[in-house]
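The block underneath contains the structure these notes are about, expressed in structure tokens.
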Amino acid sequence: MADVDNGQYQLQARTEFPEGTTTATAFSAMVIRKSGGVPIQVNIDSNSASGMKLYIDGTLQDMTVYGNVSSTIIQEDNVLVSRPSASEFKVYYSTGVSATAQVEQGMMSIVFSAPESFKGKTKGLLGVWDGDQTNDFTMYDGTVLSTNSTERQIFDFGRSWQVTATAGDKVSLFHYEGGQGVDTFQDDTFEPTFGDEMDSSADPALLQQARDKCGENQACLYDVLQTGDVAVGEASLHQSSTIQDGSQKTSNYPPSVTGPTVLYAVYQQTLEFSLTAQDRNGDSVSFSVSEPSDLPASVLTASGNTASFSWQVDRAEPFDLRVLVTDAGGASALYWPTVYLCNCENGGGCASSGGTHSSSNNTRFVMQECTCAAGYTGSNCESDIDACAANYEPCYAGVRCNDLPAPANISGYECDSCPSGYTGSGERCTDVDECASGASCAQLCVNFPGSYQCSCDAGYELGEDGSSCNDVDECTPANDCDQVCNNNAGSYSCACNSGFQLDGDRKSCTPTHPCPVGDTGGCDLVRGWCLDNRGGMRPRECACKAGYVLADDMVSCNDKNECQTGENNCNQNCVNTDGSYNCTCETGYQLVDEHTCQDIDECNAGTYNCTGNTVCKNKPGNYSCECAAGLVLTGGKCVDLPDDEKPVSAPTRPASDQDLSNAVTFNCGITLEQYTVSVDDAFSVQLAAMVTEHCAVNAAECGVVTSDGARRRRSTSVTFTVLQVQRPSGYPSANNDSTTALAYYVLLPSGNTSIPGSELLTILQSNVSALEAVLGGDISGIALLVPVEEEPVAASGMNVAVIVVAVVVPLVLLAVVVAVGVHVYKKSKRKKVGISSEDLRMDPVKKERVSTRAWGPLQKGQAAANPNAPPPTWSTQAAAGGTTSSQPVRVPLPPVRAPTFVREPSTLSREESGAVANPAYQSTEDLKSEKEPKASVLQLLPVASSLPAAPADSELYPKPPGTPDC
């Protein structure tokens with residue numbers, strides 16, 4: 001449509017059929033571009049409120065953000081755009097070139113303007129602007145048509161300037177929607193109705209209406225006659241008038257504003273810059289804050305053509321900064337920079353480059369990305385880096401991860417000590433092979449991850465202490481010998497009753513002299529035998545095989561119910577069978593041999609059914625599904641709660657006896673639910689700082705060792721961290737009064753021992769208020785976890801008695817006393833004593849060791865307070881056990897072995913009856929013949945006259961529950 005200065009500026013237009021005709025066209029779009037700039041395109045859009053669509057560089061824009069005030073666009077400098085009215089859009093270039101599109105009645109009118117400097121440099125449909133009208137119809141190939149040319153000839157002139165799809169000085173600048181192109185809007189066969197060739201037979205009524213409305217305006221008459229709509233002609237008249245007014249207004253070019261295109265603002269700091277305005281017409285200008293900016297007017301201070309801006313940025317959210325510059329003629333321009341706001345906390349900063357430009361037509365604001373100081377993270381550096389979470393909980397399973405405060409960065413975490421049975425840094429833990437490290441197992445040692453277990457050779461069982469091995473009595477309560485079982489150390493052997501001999505399997509017994517065939521005396525030969533006594537009182541005697549007992553008729557053999565008699569080795573359920581028995585297990589257990597039921601580890605076997613974030617935990621006879629490490633059961637689901645809601649986990653470091661003696665406990669007025677991970681971490685940080693401060697000036701008292709190995713009182717720079725603050729197992733725990741019991745001990749940085757409890761007690765008692773602030777509750781009852789026991793103080797009378805004995809008694813008497821002690825010692829070494837099955841009946845499933853104590857400790861100061869009082873009875877002494885702090889006075893008793901099981905009474909001797917031979921056992925009468933235990937030498941020294949009276953049999957040998965009277 002217009003080419004200025006050989007392509008420096010180009011204006012192109014598009015035509016389409018207006019509504020109501022197919023024989024004439026009207027403008028439907030325009031596009032203008034400066035060489036090197038972006039195309040700015042306006043299309044008719046009947047579906048929008050403005051009736052227009054705006055494209056800048058091929059991108060659809062929001063027309064509503066533009067108004068009567070000229071404003072810059074972000075895609076190109078030195079160009080202004082405005083929307084003088086709802087149906088009008090104007091483009092200004094700083095050189096004075098402008099184009100205006102106005103839409104009315106579905107048709108577009110276009111006004112193009114250029115300053116005098118471009119006179120003689122134009123060509124195209126708008127003609128050659130040089131003051132010579134004779135060359136206005138210059139075709140693209142240079143042919144010049146006469147000013148008297150017909151409309152048909154002028155139509156050919158227009159075709160010569162038609163845009164093309166190929167590169168060149170006529171290439172199309174338009175943006176096309178999907179599927180469209182240059183060919184979409186070109187029809188080489190189209191020929192319009194020319195005004196000078198219009199049929200004179202037009203509708204007289206319509207022609208009259210057109211003349212009444214248009215007068216002699218040929219454009220108006222043509223539009224009415226072509227469309228049959230008088231309103232279209234009226235729109236043509238209005239557009240002609242607007243074009244004339246626009247030509248006058250175009251002479252008042254809006255002012256230009258010079259200022260920074262990008263502003264870098266910092267939250268809560270002052271933003272300052274200057275603006276300079278220039279008006280082409282020399283008019284005076286004014287500056288004002290423009291909507292939608294809500295900044296106060298006081299931020300601007302104007303003087304002539306310049307203005308200063310100063311504002312302390314008081315908001316961290318996006319905001320608009322727009323300044324309107326208006327000249328005396330009413331033309332205005334908008335200063336609208338892009339603002340980059342930096343809002344970084346905790347010493348963070350923003351890159352000076354501002355990052356990627358993210359402005360759009362309705363906002364020119366960029367929230368800059370923060371570069372955080374070490375140890376902080378978040379969009380505004382508002383959060384301390386949780387190094388534990390950032391490293392996906394890097395500590396070994398079950399080991400607590402402690403996030404270090406800033407400036408520690410993503411590597412700023414420390415792990416607690418490895419779990420018991422492991423060694424390492426806490427992040428990497430390896431199993432300690434206790435078996436290779438000298439575990440105190442008597443026979444065998446089996447190493448497990450995190451622990452070990454002692455075991456025994458065949459024929460032995462593990463003692464109650466978990467390390468010693470005791471001989472297994474394979475003969476009781478049941479055995480696989482036919483008749484007689486003899487227990488040996490670590491083994492056993494079988495023997496036979498009189499009249500029987502041992503078979504080759506060394507277990508079965510057969511008669512030495514069986515009855516002759518056909519002369520069995522009525523004996524049950526299936527379940528027993530017939531013995532030939534050869535001259536005895538009973539020439540034929542019946543005997544039963546193992547698992548059977550001889551009936552009262554002395555010939556039949558009845559099944560023995562081993563499950564009822566207890567003569568079985570089942571450790572759970574026993575099922576009797578003919579001549580034998582079978583062992584079965586409870587649910588959740590399985591037989592590992594013929595008699596032993598062992599728990600099924602469903603977790604190890606993979607037969608569990610745990611879903612979600614739960615893990616399997618084995619239990620005797622069963623299993624349970626529990627939340628995985630770090631998760632908490634809430635509402636029936638395992639969830640990862642935030643630290644301020646998550647309960648603390650159990651400590652992973654086992655406390656030694658020394659650690660427990662150095663631990664301090666106290667009560668806090670918060671519930672157990674309120675003692676969360678956040679509270680525990682905050683308390684540990686605070687306590688570590690307090691211990692560091694205290695031990696810096698009390699190094700010797702804290703046990704801090706200096707570099708030369710000496711303990712000194714001078715200040716020592718040793719820093720305690722949260723890793724040294726430890727909780728004993730079982731803490732925290734809930735009290736009945738809705739408070740929480742807490743306990744802590746503090747390790748030395750070496751990690752091998754803890755600071756003395758007295759020092760920790762002093763630290764806590766001196767900082768109660770500060771610790772209460774951290775915990776959020778009152779602290780009470782601060783004390784050592786393990787109270788210090790007072791040393792027993794002997795009565796003065798006792799001391800005098802000892803002195804007298806030491807001075808008066810000759811050495812010979814002392815020798816006699818020693819001899820008495822030796823005699824007592826030998827008596828204690830007597831052979832083992834047992835209780836027969838007739839004296840004690842026990843549950844066959846359990847093998848319990850029975851132990852007795854002669855008497856308990858004396859009451860503190862009892863003997864000295866009343867030396868003439870009668871000696872206490874054994875029952876009195878036993879009742880006093882555990883209630884005093886004096887040294888216990890104990891007399892050794894012979895150990896009592898586990899009982900055998902009941903056999904039917906018999907008048908025969910052991911050998912004659914076939915009873916289990918067990919020479920290690922003694923009868924009840926043997927037990928009763930034991931002498932009263934003697935006191936040791938040390939027991940005689942304090943008060944020789946205060947020995948207790950000899951115990952009665954019922955006191956010395958109390959019967960366990962269920963023992964029948966004999």
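Every residue gets a Cβ built from N, Cα and C, even glycine.
Nobody curates TrEMBL annotations by hand; they come from automatic prediction.
When the candidates C435, C456 are compared with TrEMBL, only one is recorded as disulfide-bonded to C445, and it is C435.
Pairs of Cβ atoms less than 8 Å apart link the domain 'EGF-like' (384-430) most often to 599-639, out of 1-169, 559-598, 599-639. Within the same chain, residues at least six positions away from C435 (disulfide bond) with a Cβ under 8 Å of its Cβ are C441, C445, V446, N447, Y452.
Here the Cβ of C445 (disulfide bond) has 19 other Cβ atoms within 10 Å, regardless of which shown protein chain they belong to.
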